Amino acid sequence: MSVMEVKTSLLDNMIGVGDMVLLEPLSEDSFLENLRNRFDHNEIYTYIGSVVISMNPYRSLPIFTPDKVEEYRNRNFYELSPHIYALADEAYRSLRDQDKDQCILITGESGAGKTEASKLVMSYVAAVCGKGQEVNKVKEQLLQSNPVLEAFGNAKTVRNDNSSRFGKYMDIEFDFKGDPLGGVISNYLLEKSRVVKQPRGERNFHIFYQLLSGASEDTLKKLKLDRDFSKYNYLSLDSAAVNGLDDAANFRTVRNAMQIVGFMEDEVQSVLELVAAVLKLGNIEFKHESRCNGTDESRIKDKNDLKEMCELLGIEQSVLERAFSYRTVEAKMEKVSTTLNVAQAYYARDALAKNLYSRLFSWLVTRINESIKAQTKARHKVMGVLDIYGFEIFEDNSFEQFIINYCNEKLQQIFIELTLREEQEEYVREGIEWTNIEYFNNAIICDLIENNQNGILAMLDEECLRPGTVTDETFLDKLNTICAEHQHFESRLSKNSKFLTDHSLPHNCFRIQHYAGKVLYRVEGFVDKNNDLLYRDLSQAMYKANHSLIKQLFPEGNPAKVNLKRPPTAGSQFKTSVGTLMKNLQTKNPNYIRCIKPNDKKASHIFTDSLVRHQVRYLGLMENVRVRRAGYAFRQAYEPCLERYKMLCKNTWPHWRGPAREGVEVLMADLQVPAEEFSYGRSKIFIRNPRTLFFLEERRRQCLQDLATLIQKIYRGWKCRSHFLLLKKSQIVVAAWYRRYAQQKKYQKIKSATTVVQSYARGWQARKLLRELKYQKRCEEAVTTIAAYWHGTQARRELRQLKEEARNKHAVSVIWAGWQGTKARRELRRLKEEARRKHAVAVIWAYWQGLKVRREYRKFFRANAGKKIYDFTIQRIMQKYFLGLKSSLPSMSPVDRSWPARPYLFLDGVHTELRKIFHLWRCKKYRGQFTEEKKAVYEEKLEASEIFKDKKALYPSSVSQPFKGDYLEISKNPKYQKLSSAVDDKVLLADVVNKINRANGKGTARIFLLTKKNFVLADQKTGQVKASVPLPDLTSVSVSTQSDGFFALKLKEGSASAVKGDFLLSSEHLIEIITKLHRIGATTADREQLNIDISDEFLVQFKQDKVCVKFIQATPKNGNTVACKRKNNRLLEVSVPTSP
């Protein structure tokens, strides 16, 4: 179907017949041919009235998308093509709007798609119901219960890779709005024999393979398991791997589903331990031993698996070993203990494995019910979904097939009853006369099986409880005695008694004529499987286990509650469960889904006639069609009927203005349909024969063709007229535009010619004017030239006169200047001569004075000349040295290490001493600037250097950071007012630190306050004091050598503060915190010096345990953050990023 095509009715674009009730002619061959035709076109759903037939396509089809959900939401059942969503929507709307409890019965044989159908129904209901956090949680829990039950209750069979080996009925509870509140699950007859033995080509339950494939190595080690399937006797190897099944991924899905449903982690572990115990149980083997009194007994060959199983379940090995070797029988006040031979021991082992697994499965169902049950006690609306085995006919049919087929007989009985009742109620509701319908009533077959006196189940229970030798043959003899005359029972003896010979009926078999056909049952194993006996010794051994779950599974093993009454048989239990189920179904409105498997190869596009025919017969589908067609084959409300067929009558087409029923009456009268072919109900018209419906559909098809032709004719005429009018309008527009264009071109030519003429005229006028202007200009230039020449002559004459006068004046000035220069040069020579004479007198006087001095001191100077010269030289050098040093002194900073170079070698000592004196002097000057607070800070920095320098990698980065002390401003911050008032002394340090949790290595923010008497840890958000420790109780502090902020405050053993152990903290101001702690201890005389341990591995006392804190270097992953992780109960590992 194309994207734009939408089906508006079941009858539109129908492939084959969408509703088998309308099939004409009706026969088994036409029924199968219609199914094949629809299956070949990917139409896997077909109706029989309100019953949905579902064919398994064995592939994914694009018909289960969210768009499909919206397409079928709130639509009439017959409004769209057949689909399982239509049935689910009809059931949900009836429950929500009409307050009718619903049940959806899904039947079919293994591999027909029952489980998938139930999932589709539940997913549709979950999609269309309300939304909300609580509602979504309930929906998720209901949907996630499926993976858990499938893992423990489904297995791979020759017919189906995910076959349900149990019957499931789920009641989903809704509130008045239609939102899910919870649910209750009931399970029926788990095929527990599969635990110990599987037919060839089949597997054990999925959970065994999922556990071994998907569990982690640590989990398997705890469960004492190995991944190799071949090491476990209960697991078949020929089909261990299944195409399309990922056991490892499914195991993760199951674990996640159990978490969503609400299983606690210890419950999940307990369940896995029981699964592992079943695997270990299968590996226990026995050997034969003879006692001295001649009796046979059994002994366990290898006790290793028994030991591991006992460790898993917490059972004493000797107790379980004795239970496998002896059996105690109690009768009134006597106890008799007998030994078990090898065969009996293996029977006891397998019985324990089957009971252990089946009781675990029942516990899982109960536990899921506790999680998904509705929390409110108000009345709920209920929708039940029944997913149960279909009718089974194998080559070798045993007790399981007998029980399953009995259940299907009961379902067929209630199906016929409820279908007839629904038909009758609709006829009465619509005012149509009801006629009795003849059909095969299988109550006689149900009575043959379940009659309390002469029924097969009653006789089987009686045979199991009878004293003496009880075998399957004695049970068959009893059946031959009592049921030989029953028309639906056959056996070799009953046949022979009637002088008939049937070689297809063996001596150890009996045959029952079911509604779906004859089934041959082999009596071998009937008695044992019905007994389902577990020795009391094993029950009591299980009850003695220390495993919490085991005690719940085996309550009968409690010695204080010994019950000598024989437990009910499997057959009676199942009969009671089926009876309860039938009563439950009869109180609800039924909806049916019949699943059919098209082939045995699990392949798509293959339709096997014989297999489908067999299923059609045993599902009773032909009988269902006949029941639906016994009255009226088709019924439809008046409004959609009139809307669909109104074009067949001129009076109703195109619109009918009156009531819909009157319109339908006019329509049927105009078509001359015989009156016996239809009846009018209160809201629907009932059509008796499909031929009448097909006649209406054929007339409608022809009418639609005529209407389509008429619509095409009118449309084509309209289209041609529209095209013509468009052409006409276009021609007018084109002509108008052309005329406009032509006029524009003509105007442009005229305009161009006019412009040319104008340009020639203007050019002539301009040239004429130019000639006149040029002549006038030449005349004006001639006059100007003559005037210029005249004015020039006059100017030159005037200039010559002025030059002559200037030349005379200049000569006088030059003569005067020369005279003045001569006078100046003469005066200069005179002054120079006078200056030379004065200088010569001064030089002669200076020499004379020097001569006199030398003569005066010559006698003294010659005696001490060397010493005087030396002293003078040294004095000058020292003077020069000090003056140079003064100009080149370094800065006044104490950290400035520079000093001028030494000029002479003999000044080395002086130079060094002066450097020391200068440094001490400037340090004194520098210290003189300090306040008392600043001195204390530098003293702390000095003490930090003594403690951490070259010992901890974090120290260099802390040198440049000032010690602030109160980082939180706790006295000013109103948030910490309460905390500030709780501390008596002055707060020396207030900072936020992380208190490391031993359990996971995570940090919790705490406020750290330090006073002179104690330190306090308080909650960062509330300010509440968590711990207050006096400083005398603090013995030592441990830190690492690396660049982390972790430190441990170790308390004195036996002190009141050490009750909860030491403190492991982390801070960005580690250096300051430890320095202040050490300084307080050093300044207090009555306390011992605080010991500071710097090591990459130290012990911290947490309550009663000592934990090792180990620091390692690692490459950073999430930034350069320090990570603390718990490796085990005795080790915390701190990963410090390596320095870049």
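Even glycines carry a Cβ here, placed using N, Cα and C.
TrEMBL: automatically predicted annotations, no manual curation.
Keep in mind it's a predicted model, so treat the numbers as computed, not measured.
Annotated by TrEMBL as region 'Actin-binding', the relevant range among 417-439, 578-600, 923-945 is 578-600.
Within the model, the domain 'TH1' (952-1138) carries an average pLDDT of 83. Long-range contacts of the region 'Actin-binding' (578-600) within the same chain: residues 35, 39, 48, 50-58, 84, 87, 90-91, 94, 100-109, 111-114, 117, 121, 159, 169, 171, 186, 188, 382, 384, 386, 390, 406-407, 410, 414-415, 418-419, 422, 606-608, 611-612, 615-616, 619, 621, each at least 6 residues beyond the stretch ends and with a Cβ under 8 Å from a Cβ of the stretch. When the region 'Actin-binding' (578-600) is classified with DSSP, helix, strand and coil residues number 9 helix, 8 strand, 6 coil. Each of the binding-site residues Ser110, Thr115 was scored by other CB atoms within 10 A of its CB, and the lowest score goes to Ser110.
Within 8 A of the CB centroid of the ATP site residues Gly108, Glu109, Ser110, Gly111, Ala112, Gly113, Lys114, Thr115, the other residues of that chain are Asn56, Asn160, Ser163, Gly390, Cys595, Lys597.
Long-range neighbours of Lys114 (ATP binding site) (same chain, six or more residues apart, CB within less than 8 Å of its CB): Ile106, Thr107, Gly108, Ser164, Asp387, Ile388, Gly390, Ile593, Cys595.
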